[in-house]
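TrEMBL annotations:
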type	residues	note
ACT_SITE	Glu87	active site, proton acceptor
BINDING	Ile170, Val171, Val172, Gly173, Tyr188	substrate binding site
Amino acid sequence: MAELVFFTGTMDCGKSTLALQMDHNHASRGRAGLIFSKLDRAGESVLSSRLGLSREAIEVTDNLDFWELVVEQATNGRRIDYLICDEAQFYTPHQVEQLARLVDEMGLDIFAFGITADFRAELFPGSRRLIELADRTEVLQVEALCWCGRTATHNARVVDGVMVVEGDQIVVGDVGEADAEPAAQVEYEVLCRRHYMRRMTSHAARAASLSPEVLPFDLDVCPVPQR
Ligand SMILES: [Zn+2]
């Protein structure tokens, strides 16, 4: 029975690696699939994993219609048994509905991979729709760890070394005008909820532990900043 499965977890938990493995497993059984990604760390039209593997992928833009694309390919005689959909948190809710329709009406297996919540700890619209519509949502068991060693559950955005909890959900790359201020450096770090709520990144924790004024400093009892 065809199904729509949403594999999720924090950043760094191996989702893209599993996506590539899933494609390999199905392809090696003679099944035909298409791979999609959006805003992959390695650039457009590629699905890459932190372990160094990568595959060509179809870049998902906001106006890509999964239903039309698959129907067109099928009409041209191409067999499609499954779709691998990486970075699915960035898909529109409407696109997620197209995926569900492909499962129900075309009998495709669809394996979607993505994080649930953004750096503000709020659901991405695409992930929300996947949780609402998927036959199954699987939380990946390869756990990313916070700097303190606890299981990381939250994705923090760090801008020029400082954790932020406000801003655009997706940061689009700066086009770099010659006379513009240098673009802020945006990074992400996975944290446990405790340290997410306290905005205590690994960098902040190191700085705090080195500062004589705050010793002894228990990072677990430090106050939660007011929003
Ligand atoms: Zn922690």
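Each Cβ is built from the backbone N, Cα and C atoms, and glycine gets one as well.
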What residue among the binding-site residues Ile170, Val171 has the most other CB atoms lying within 10 A of its CB? Val171
In Å, rounded, how far does the Cα of Tyr188 (substrate binding site) sit from the Cα of Glu87 (active site, proton acceptor)? 15
In whole Å, how far does the CA atom of Glu87 (active site, proton acceptor) lie from that of Ile170 (substrate binding site)? 12
Give the number of CB atoms, excluding that of Glu87 (active site, proton acceptor) itself, located within 10 Å of its CB. 25
